[in-house]
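Visitor: Got a structure here, written out as structure tokens. Questions coming.
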Amino acid sequence: MTTTVIGYPRIGSHRELKFAVQKYFKQAISADELAQTASQLRHENWQTLSDAGIDQIPSGDFSYYDLTLDTATLLNIVPARYKALHLAPLDEYFAQARGYQGEHGDVKALSMKKWFNTNYHYLVTEFDDDADIKLVGTKIFDEYQEARDAGYQTRPTIIGPYTLIKNGRFTGHKTASDFVPALVAAYEAVFAQLAKQGADWIQIDEPALVKDQTAADLALFSSLYKPLLAAKHGLKVLGQTYFGDVRDSYDLLTSLDFDALGLDFLEGAETLPLVQDHGFPADKILYAGVINGKNIWKAHYQDKIDLLNQIKGAAAQVVISTSCSLLHVPYTIENEPQLDDKYKRYLAFAKEKLTELVELDRIEAGDTALLEQNEQLFTQPRYVENETITKQVASLKEADFHREPSFEERARVQKAEFNLPKLPTTTIGSFPQTKEVKRNRAKFKKGEITKEAYDQFNRDQIKACVEFQEEIGVDVLVHGEFERNDMVEYFGEKLDGFLFTSNAWVQSYGTRCVKPPIIWGDVSRNQPITVAESVYAQSLTDKPVKGMLTGPVTILNWSFPREDLSLKESTYQIALAIQAEVLDLEHNGIKIIQIDEAALRENLPLRQSDWYSKYLDWAIPAFRLVHSKVAASTQIHTHMCYSEFDDIIDAIDDMDADVISFEASRADLTLLDTLQKDHFKTHVGPGVYDIHSPRVPSQDEIEGTIRKIVAKIPLDNIWINPDCGLKTRGNKETTPSLIHLVAATKKVRQELAYEN
Ligand SMILES: CN1c2c(nc(N)[nH]c2=O)NC[C@@H]1CNc1ccc(C(=O)N[C@@H](CCC(=O)N[C@@H](CCC(=O)N[C@@H](CCC(=O)O)C(=O)O)C(=O)O)C(=O)O)cc1
Ligand SMILES: N[C@@H](CCS)C(=O)O
Ligand SMILES: [Zn+2]
């Protein structure tokens, strides 16, 4: 059989792209130097795939920042405000990704959202009424040519028009159907050019099909693809889906003139029955996603072979592929020399998954030794059970998930306890992770400084951070999270049951990467995690300092979970550990505790019918479990970022936190209408500026945002804060931004007092 992958990671095995792009942002290297690094990384990837023996190699899966933005840029879907800056193409591209503030003007970045159910984030395409969609870019052609010149005949990949529309925003009066003719013409021009260059195939990604589809959605899909597939210019077209099954569109997809369809047989619960029951056309090739593109566990070959045999029973021509792009896993376990082999033999990152694809092919061809070797991994138990924790989870009662007294009674108690001004100001927790902060940790990890010196540096940072917040007049302070590498990895490191890697980076957005910890065993807490830093910060001020924790659902969703234990059970184990930390903080005098659930939405099933039965029914209780035992006077905050909350707003209110902060500014505060309509009870801090951009919001701008919030949410329920932690920012932009935030709040407070 033929082997392939949907896409490969692009940040570089040691984050070379991240560092080069950041240098470009700082004007430390030129566009040409950046292009050279990028080209080298692409060549390395093609070489790796080729050396592994992968038959069909993709191109076009590389991006400086994001593939959705690349596709929109290729097709001239660039809002006028960026064009008006008159920047060089690469700078215009980055201006859309990060906002721009400089001599050419001042514009915010495009909205950024979670890419389906992953921790990757894409830039939302804006379809303005005056969008002039046409092929203007050359990226996909250049990369195809570059590969070809290097001796690789690749399959260029592109995000499809339907997913571009479904993940996009329509800012004017026009709707999706108004853009269909131009999109068809633009994609057809892409086909024509690739065919002219000598490409055989194109992969067109349409993951939006794995969500629930209405009849109107399917009609839109047909209106795009019927004309497009009638004008292939001799190119063969692979319609690629991932992250689920295509139960609503399967019959349509198989009836259209695709030459191949890529289906996900892992997350797609219905994929195999669909193929078996409805049949698969003999004239099409089935790209079978059987190697998991999201997990880091070695595949159980016998299971895969059984699955492949069933697939082959229903489809005449099968290519073995990954369930999604390998973008979501780290490069290679070769970069983890410190990890004991007793763990490593169970792991497969991107490069090792290439080997798995090729080995499956060899097993299919009769290599039974490989099968037997692999089977040994799955015959012995790999985990040691922690009986105490499993019993604790098993004995949880209904009452463990409910906090008393009621929200309203707690709000009364807390109002008296804290006596905060109207529109209290706060931040989300982290302050800039400056070069010095990261260097201090790097030195400590390398053994160049002692634990005492490491801690003392962080204490000095905390002190300066507390003093700064007091000086500018923030009402509820934070300690700054200087001691944390990442909000999940840090907790993983302190809890029992996790494994860590040194270089297993995965892109989260643009230049930002994460190193998800691996849940290896039962999770438990055997030491305080955050108490020392919080207590120290609180000792420096009379104002309340928020304790800062990551919630159980987020720890689970941003780790690589076990596959032998349900996500619910794993999350409850983590919840009990975080509950112990909450109570420890409370016991040590911390009166406000924020439990971040930034990733709550991440594992929400893509199909609405599964939301409660498969996820929210345990994810929301897991959060409640964490704070159910605190006193009425302890104020529990939570925080979420980068999500669309409108459709799960009731579930969020049901978390029963006292206060929630969330991202809103980059989505134009549209969530406020939902909060207003649904009488959201939890007090809210809709982020008043976007921290993912280096832009400094003016005081005026923030005042305007606060007034919009005040117009829609009861005054007593509102908090004022940025929309996420400040760790990715420098002090240069953070200091003026926070000064503007506090000044703007004071100004609006004055106006309100005058009005009253
Ligand atoms: C809030 N978000 C988070 C998400 N997921 C997470 N797991 N964590 C999050 O905070 N998802 C949604 C959002 C947005 N996503 C992100 C993701 C990543 C970042 C971010 O800031 N990442 C940092 C890496 C953070 C980290 O692990 N730092 C380590 C290592 C630092 C480092 O690179 N050290 C250098 C040496 C430095 C020196 O010597 O000077 C090295 O290793 O080479 C640490 O601090 O110890 C990133 O840089 O990408 C933000 C939002
Ligand atoms: N407390 C974290 C939340 C980020 S989502 C921070 O401030 O970085
Ligand atoms: Zn956040």
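Backbone N, Cα and C define each Cβ position, glycine as well.
According to TrEMBL, the feature domain 'Cobalamin-independent methionine synthase MetE N-terminal' maps to 3-314. Taken from TrEMBL, the feature 5-methyltetrahydropteroyltri-L-glutamate binding site covers ARG15, GLU16, LEU17, LYS18, LYS114, ASN119, ARG512, CYS513, TRP558, GLU602. Per TrEMBL, the feature domain 'Cobalamin-independent methionine synthase MetE C-terminal/archaeal' maps to 423-746. The L-methionine binding site annotation in TrEMBL covers ILE428, GLY429, SER430, GLU481, ASP596. TrEMBL lists ILE428, GLY429, SER430, GLU481, ASP596 with the feature L-homocysteine binding site. According to TrEMBL, the feature Zn(2+) 1 binding site maps to HIS639, CYS641, ASP654, GLU663, CYS724. If you look up TrEMBL, you'll see HIS639, CYS641, GLU663, CYS724 marked as Zn(2+) binding site. Under the heading active site, proton donor, TrEMBL lists HIS692.
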Visitor: Nearest by CA distance to GLY429 (L-methionine binding site): which of the binding-site residues is it, out of LEU17, CYS641, CYS724?
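Guide: Closest candidate to GLY429 (L-methionine binding site), judged by Cα separation, is CYS724.
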Visitor: Would you mind sorting out which binding-site residues among ARG15, TRP558, GLU663, CYS724 put a C-beta under 6 angstroms from ligand 2?
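Guide: With ligand 2 as the reference and 6 Å as the Cβ limit, the list reads CYS724.
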Visitor: Just checking the binding-site residues LEU17, TRP558, GLU663, CYS724: which sit within 10 A of SER430 (L-methionine binding site), CA to CA?
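Guide: If one measures from the Cα of SER430 (L-methionine binding site), the binding-site residues that come within 10 Å are CYS724.
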Visitor: If you measure from the Cα of HIS639 (Zn(2+) 1 binding site), which of the recorded positions ARG15, LEU17, ASP596, HIS692 is the nearest?
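Guide: When the Cα distances are compared, ASP596 comes out closest.
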Visitor: Which secondary structure state does DSSP assign to GLU481 (L-methionine binding site), in the simple three-class scheme?
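Guide: In three-state terms, GLU481 (L-methionine binding site) counts as coil.
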Visitor: Test of understanding: give the count of other CB atoms lying within 10 angstroms of the CB of CYS724 (Zn(2+) 1 binding site).
Guide: 27
Visitor: Any idea what the model's mean pLDDT is for the domain 'Cobalamin-independent methionine synthase MetE N-terminal' (3-314)?
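Guide: Across the residues of the domain 'Cobalamin-independent methionine synthase MetE N-terminal' (3-314) the model's pLDDT averages 98 on the 0 to 100 scale.
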Visitor: Near ligand 1, which of the binding-site residues ARG15, SER430, TRP558, ASP654 are found, taking a Cβ distance under 6 A to any of its atoms?
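Guide: Checking each Cβ against ligand 1, the ones under 6 Å are TRP558.
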Visitor: For each of the binding-site residues (ARG15, LYS114, ARG512), count the other CB atoms lying within 10 A of its CB, then report the residue with the highest count.
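Guide: Counting every other Cβ within 10 Å of each candidate, the maximum falls on LYS114.
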Visitor: Those binding-site residues, GLY429, ARG512, CYS641, CYS724: which ones have a Cβ sitting under 6 Å from ligand 3?
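Guide: Within range of ligand 3: CYS641, CYS724.
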